[in-house]
Number of protein chains: 2
Amino acid sequence: MPQGGEFQIIERYFTHEAFGAWRSRGVGDDCAIIDTGAGRLAVTCDMMALGTHFLPDADPEDVGYKALAVNLSDLAAAGAVPRAFFLSIGLPRRDDGWLADFSRGLMRLAEQSGCALLGGDTTRTAEVKGTRAPVTISITAMGELPAGLGLTRAGATPGDDVWVSGTVGDAYAALKYRWGEWDLMPDAVDAVLARMDRPTPRNALGEALLRRASAAADVSDGLLADLGHILERSGVSAEIDWEAVPVSTALRSMTIARQHEAALTGGDDYELVFTASPEKRDAVLEAGVLTGTPVTRIGRVTPRAEGRVVVRTAGGLPVELPKAGFDHFAEK
Amino acid sequence: MPQGGEFQIIERYFTHEAFGAWRSRGVGDDCAIIDTGAGRLAVTCDMMALGTHFLPDADPEDVGYKALAVNLSDLAAAGAVPRAFFLSIGLPRRDDGWLADFSRGLMRLAEQSGCALLGGDTTRTAEVKGTRAPVTISITAMGELPAGLGLTRAGATPGDDVWVSGTVGDAYAALKYRWGEWDLMPDAVDAVLARMDRPTPRNALGEALLRRASAAADVSDGLLADLGHILERSGVSAEIDWEAVPVSTALRSMTIARQHEAALTGGDDYELVFTASPEKRDAVLEAGVLTGTPVTRIGRVTPRAEGRVVVRTAGGLPVELPKAGFDHFAEK
């Protein structure tokens with residue numbers, strides 16, 4: 001689920017005093033964590049639009065894949081096992097070719113992840129003459145958690161290590177490449193674009209971290225923005241060692257300023273950023289090995305300070321940070 | 001969840017062989033009914049758009065109310081107790097006045113029904129210059145069912161009675177009135193418009209019918225269309241006595257052709273149409289009394305015949321039926 005300015009809309013207008021038999025333990029997290037009385041569920045809900053989350057001419061098969069992947073990634077951040085999802089599509093007219101391609105990408109990932117499509121709805125959105133009105137996709141995904149468990153953004157304490165899975169920044173570099181603003185090494189183009197179009201949700205790692213990590217989020221808004229959400233909810237700060245931040249070879253070939261911009265503030269990587277006690281270092285590395293997911297220790301949690309995150313180079317100098325995070329409703 | 005042409009889009013492109021640990025017992029029903037291993041859930045998902053489901057200038061407070069009401073109505077058709085919902089809104093720009101009004105209508109019904117908003121997302125949809133791009137709303141609502149129970153559209157058998165709650169046709173008459181096509185008696189205008197803008201989901205009745213009805217659906221597409229979904233899934237037919245169909249005084253004052261059109265084929269009433277064994281007549285009437293919901297016996301289930309539904313007048317003559325059901329993607 002979203003954070004930042006978008007989330008504040010939901011928070012501002014739709015948060016009331018708690019009522020009803022089901023409460024969420026995860027308000028402000030990637031998932032709502034709900035005790036139903038009979039079990040514990042993680043539920044997430046993401047809406048995406050062509051032209052906002054996807055380039056207007058995006059391959060519909062990629063759109064289908066990614067629409068589910070970002071929801072699975074939210075379940076991964078909670079450590080939940082994906083079980084079922086519900087799909088809404090708003091489109092201006094029935095376009096069978098688009099739907100068939102979209103479905104192929106979506107259902108392939110659904111089957112791979114054991115997350116069944118158990119319901120859905122389509123609706124015609126108002127058409128504006130002479131234009132292709134936006135395609136809107138909303139997915140609500142549900143996962144299962146063991147009683148009493150579930151990763152949230154709260155729980156990081158000073159002294160914890162900060163970790164991240166995989167590499168960060170490639171999805172942002174791919175976007176910049178598509179916009180014609182950045183160049184990529186010719187032999188890296190396909191791999192970098194795949195990171196944007198077909199991100200790998202880290203569900204196996206998330207499940208393995210359930211008893212190992214103290215807090216977690218997925219990297220959708222950007223490494224610093226999403227780590228910032230953990231720090232804010234946990235009431236702590238953090239120091240990050242820039243040289244430890246894992247970036248791909250393709251990104252390493254760029255200027256240091258672009259590396260900072262992509263790896264620290266670029267979104268859409270769908271890696272997991274998480275914290276864990278230093279006693280759990282071996283256990284976290286083991287979780288990475290068991291699930292075939294690279295995990296890298298990139299810093300440490302510190303007591304609450306004015307600046308939420310400081311990123312330092314090996315020389316100890318702080319990295320000057322570009323403006324972080326992505327907000328669909330921010331004024332430009 | 002939707003039926004008809006809309007549903008066929010989901011069915012055609014998104015139905016694969018079952019996989020994963022959670023299966024739905026209710027494919028093609030108002031809700032997915034899911035055994036999670038630890039309990040039984042009913043889940044429904046509806047997407048709505050201004051200009052398609054709502055008039056473009058609809059009062060946002062009504063839009064908020066009704067967006068949740070139609071989902072609660074799906075839970076009512078399954079007999080589930082509403083517990084939680086997730087909300088996605090796509091809008092071209094942040095409009096605080098619209099959101100505040102929308103939220104007021106939505107959250108009032110949420111509190112009344114004990115159905116908590118546990119997550120959500122907002123996204124900016126592409127804006128088309130000089131126009132107000134459509135507002136899209138998607139809600140996924142979850143309810144709780146006792147183990148082994150849950151009403152679906154399957155289960156009607158020949159000899160069962162056909163019942164409907166409340167009155168049908170007013171929402172359709174209201175739409176015709178707003179379009180300037182039909183007149184309403186001046187003292188009936190407010191009441192009829194309220195049936196369109198603020199339909200009453202029949203959750204208490206639905207829960208009471210869990211052990212009494214054999215099949216159920218909510219009246220969203222129209223009485224005959226939704227009864228037709230029950231008959232199709234149950235592999236049976238039905239005869240309806242026109243004179244028994246409950247319509248409001250306002251509708252009774254119209255021509256018989258308009259009464260037929262509104263009550264039999266008009267959608268958006270959000271009453272429950274259901275079947276029950278004749279031995280359950282007293283029990284069904286009791287459910288109506290206990291929940292303060294009028295229930296009317298309007299016909300009987302017959303063995304499968306070529307025509308799904310026959311509607312007869314007291315004289316035994318069949319009523320000529322207007323084309324039934326509503327499909328956002330049907331060619332006009």
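Backbone N, Cα and C atoms are what each Cβ position is placed from, and that goes for glycine too.
Features reported for this protein in TrEMBL:
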type	residues	note
BINDING	A:D30, A:D74, A:D218	Mg(2+) 3 binding site
BINDING	A:D30, A:T44, A:D74	Mg(2+) 4 binding site
BINDING	A:D46, A:D121	Mg(2+) 1 binding site
BINDING	A:D46, A:D74	Mg(2+) 2 binding site
BINDING	A:H53, A:D268, A:F326	substrate binding site
BINDING	A:G120, A:D121, A:R153, A:S220	ATP binding site
BINDING	A:D221	Mg(2+) 5 binding site
DOMAIN	A:28-144	domain 'PurM-like N-terminal'
DOMAIN	A:158-311	domain 'PurM-like C-terminal'
Please identify, among the binding-site residues A:D30, A:T44, A:D121, A:R153, A:S220, the one with the smallest Cα-Cα distance to A:D268 (substrate binding site).
A:S220
I'd like to know which binding-site residues lie near chain B: of A:D30, A:D46, A:H53, A:D121, A:D221, A:D268, which have a CB under 8 A from one of its CB atoms?
A:D46, A:H53, A:D121
Counting other Cβ atoms within 10 Å of each residue's Cβ, which of the binding-site residues A:D30, A:D46, A:D74 comes out lowest?
A:D46
Among A:H53, A:R153, the most crowded of the binding-site residues [Cβ within 10 Å]:
A:R153
Tell me which of the binding-site residues A:T44, A:S220 sits in the most Cβ-dense spot, judged by other Cβ atoms within 10 Å.
A:T44
Going by C-alpha positions, which of the binding-site residues (A:T44, A:D46, A:H53, A:D218) is nearest A:R153 (ATP binding site)?
A:D218
If you measure C-alpha to C-alpha, which of A:H53, A:G120, A:D218, A:S220, A:D221 (binding-site residues) come within 10 angstroms of A:T44 (Mg(2+) 4 binding site)?
none
With DSSP as the reference, give the number of residues of the domain 'PurM-like N-terminal' (A:28-144) in helix, strand and coil.
37 helix, 45 strand, 35 coil
Among A:D46, A:D74, A:D121, these being the binding-site residues, pick the one whose CA is nearest to that of A:S220 (ATP binding site).
A:D74
Looking at the binding-site residues A:D30, A:D218, A:D221, which has the shortest Cα distance to A:D46 (Mg(2+) 1 binding site)?
A:D30
In this predicted model, what is the average pLDDT of the domain 'PurM-like C-terminal' (A:158-311)?
96
